[in-house]
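First the structure, in the form of structure tokens, and then the observations on it.
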Amino acid sequence: MASQFCLPLAPRLSPLKPLKSHFTDFQVGICVAIQRSDKRIHLAVVTEINRENSWVTVEWVEKGVKKGKKIELETVLLLNPALASTEHQRSRRPLRPVSVIPATAIGDQRTATKWIAMIPHRNETPSGDSQTLVIPSNPCLMKRKKSPCLREIEKLQKQREKRRRLQLEIRARRALDINTGNPNFETMRMIEEYRRHLDSSKMSRLEPPEDHRICVCVRKRPLNERETTMKDLDIITIPSHNVVMVHESKQKVDLTRYLENQTFCFDHAFDDTASNELVYQFTARPLVESIFRKGMATCFAYGQTGSGKTHTMGGAFSGKAQECSKGIYALVAQDVFLLLRTPAYEKLELKVYGTFFEIYGGKVYDLLNWKKKLQVLEDGNQQIQVVGLQEQEVGCVEEVLNLVELGNSCRTSGQTSVNAHSSRSHAVFQLILKCGGKLHGKFSLVDLAGNERGADTAKATRKRQLEGAEINKSLLALKECIRALGKNKSHTPFRASKLTQVLRDSFIGQNSYTCMIATISPGMTSCENTLNTLRYANRVKELALEARPYPPTDHEMPLTLENGNTNSEKSLQKDDIIQIPTVQKEEEKESDELTSTKEPAASWSRSGPWWEAIQETAEGVNCDVDFCIAQSLSILEQKIGVLTEIQKKLQLLRDDLQKKSQAE
């Protein structure tokens with residue numbers, strides 16, 4: 001490069017020879033080459049010489065402005081070696097101008113060639129914008145002296161680069177140690193390769209959700225200490241604000257490992273860095289104001305035991321103590337009391353009451369009254385009443401937190417194979433607004449017990465197995481009620497469990513709003529439970545995944561990455577029936593067979609609701625399987641004749657059209 005050429009080597013100065021002796025070669029008005037701070041080299045006129053301090057002052061004109069600077073004598077001699085000795089000055093030969101900067105680089109002379117020139121004295125001031133310099137006929141390379149500051153900077157830079165190299169070596173060594181000791185190293189490599197091809201979106205780009213009667217969100221927790229010790233893998237990826245991907249490791253017959261990537265779409269998805277405040281902002285917060293408009297709001301956390309439900313609803317744990325001020329309980333209470341003081345609702349003179357009870361083994365217990373057993377009855381107005389439930393009036397957030405702490409201390413918990421401190425009951429905390437002693441609105445915050453698979457509780461005690469069966473039964477009933485709420489069905493199966501009976505007023509009516517927070521564990525050992533949770537949440541509100549092509553990976557076996565289906569299989573709907581193609585009107589007039597074909601097709605389309613009725617019955621909690629099968633077979637036998645007749649008519653119509661086309 002041009003910038004690598006420097007000046008002719010100056011005669012080496014003897015340490016005994018003072019620098020002042022070289023001032024004999026300097027005169028005010030001569031032109032010398034100087035170097036700017038941006039590495040440009042151009043000519044300047046010497047205007048002052050300080051022999052005591054060994055520096056000179058130079059001036060030049062740049063862009064119509066006269067500039068100047070002080071330069072040490074040693075620096076000037078390095079750039080002007082011809083001044084170092086009178087012998088060199090006397091034997092100076094004529095110099096020729098050479099362009100050192102291309103014409104296209106006017107104004108930027110950082111790559112200017114570092115040549116020195118001695119030009120006879122002129123009356124004009126040299127310009128810093130000049131593109132040409134007069135150079136000696138025999139230029140040679142020289143070593144430019146660096147300032148102490150620059151030398152220190154370079155020293156620090158070398159030390160920094162050395163430290164970085166050492167850190168990279170240490171990280172590579174640690175990664176190698178981890179990988180060799182991790183039995184799932186191949187799966188981890190496939191997951192990392194797949195994630196590198198995904199486009200992540202920032203959580204800060206989230207917008208408040210639309211006004212839905214039901215909102216389904218998913219929250220992923222980080223790997224806990226137990227999973228990290230076991231060298232478990234994080235198999236959950238959240239590429240955008242509403243998509244969750246599960247990388248399930250599978251094995252082929254030839255023992256080749258591959259990934260089956262299952263994708264789910266929800267209203268919102270939160271990764272392991274999301275705080276409780278962020279989760280609350282997009283889940284329960286939009287529902288708070290609805291209870292001031294005589295609405296019934298419900299927010300519940302669902303997921304595997306140990307996936308973070310109680311952490312989300314109640315707050316973070318510090319040992320066995322829970323910080324309730326950071327949970328959704330406290331955040332809802334803060335917004336309720338803030339809205340209560342606004343002018344729009346202050347005139348209603350509303351009072352706030354709090355209740356806290358649990359549902360364990362199909363029975364209801366009051367957590368604010370020493371776990372007193374309660375009865376759930378239906379009055380003459382078909383309203384569910386929890387007889388004996390204690391309601392305590394609260395006037396601030398601190399009083400609400402006291403109720404939460406009191407209830408959590410009495411809540412039933414136990415030890416499972418997954419979680420040493422697992423909640424074994426459904427806890428329901430309610431904030432009730434009353435106006436003149438009458439119910440105005442209610443917000444139910446439900447911390448559900450963890451769902452469990454039978455395989456996980458096979459070695460558990462009989463008590464734990466009965467607990468798990470009762471929990472799963474109530475969760476199934478809750479799912480059906482929420483689906484009926486989301487689809488505006490006329491029938492809601494809330495009598496299937498005590499949990500749905502207690503929350504009946506949250507499912508019935510047009511002012512009912514529900515938010516579900518599905519918490520999932522990221523570990524590979526929890527893959528089956530995570531998929532069950534996501535399928536449950538997906539069935540609650542089936543959202544179509546937006547068609548977005550994710551970039552495939554270029555790896556072949558054994559790094560095969562297969563994209564699995566995203567959502568759980570949808571049931572057959574009446575719109576899925578095969579439709580008969582429409583024939584042009586001219587052919588309809590010419591063919592009598594087509595008219596007869598319309599009649600069975602019409603009867604088939606009119607019989608669409610029968611399948612929907614059977615489907616709704618089969619999806620119920622207490623459905624009779626034998627009755628559904630018998631009813632379906634009976635109806636299908638009746639429809640077989642209709643389908644056979646349609647088939648014959650279509651064949652005749654096709655033959656007729658072929659004959660006409662041949663005749664033409």
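Cβ atoms here come from the backbone N, Cα and C positions, even for glycine.
Positions annotated as phosphothreonine by Swiss-Prot: T125.
Residues annotated as coiled coil in Swiss-Prot, with sequence analysis given as evidence: 149-177 (among others).
Per Swiss-Prot, phosphoserine is recorded for S204.
For 213-543, the entry in Swiss-Prot reads domain 'Kinesin motor'.
Summarising the annotation, Swiss-Prot assigns ATP binding site to G303, Q304, T305, G306, S307, G308, K309, T310 and lists sequence analysis as the type of evidence. Cβ-based neighbour count (10 Å, all protein chains) for T310 (ATP binding site) stands at 27.
Here Swiss-Prot flags 583-607 as region 'Disordered'.
The coiled coil annotation in Swiss-Prot covers 642-663 (among others).
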Under 8 Å by Cβ from S307 (ATP binding site), counting only residues of that chain that are 6 or more apart: R221, G450, T519, I520, S521, S526, N529, T533
Structural state of Q304 (ATP binding site), classified by DSSP into three states: strand
Average model confidence [pLDDT] within the domain 'Kinesin motor' (213-543): 85
Sparsest-packed of the listed binding-site residues (G303, G306, G308) - C-beta count within 10 angstroms: G308
Helix, strand or coil at K309 (ATP binding site) [DSSP, three-state]: helix
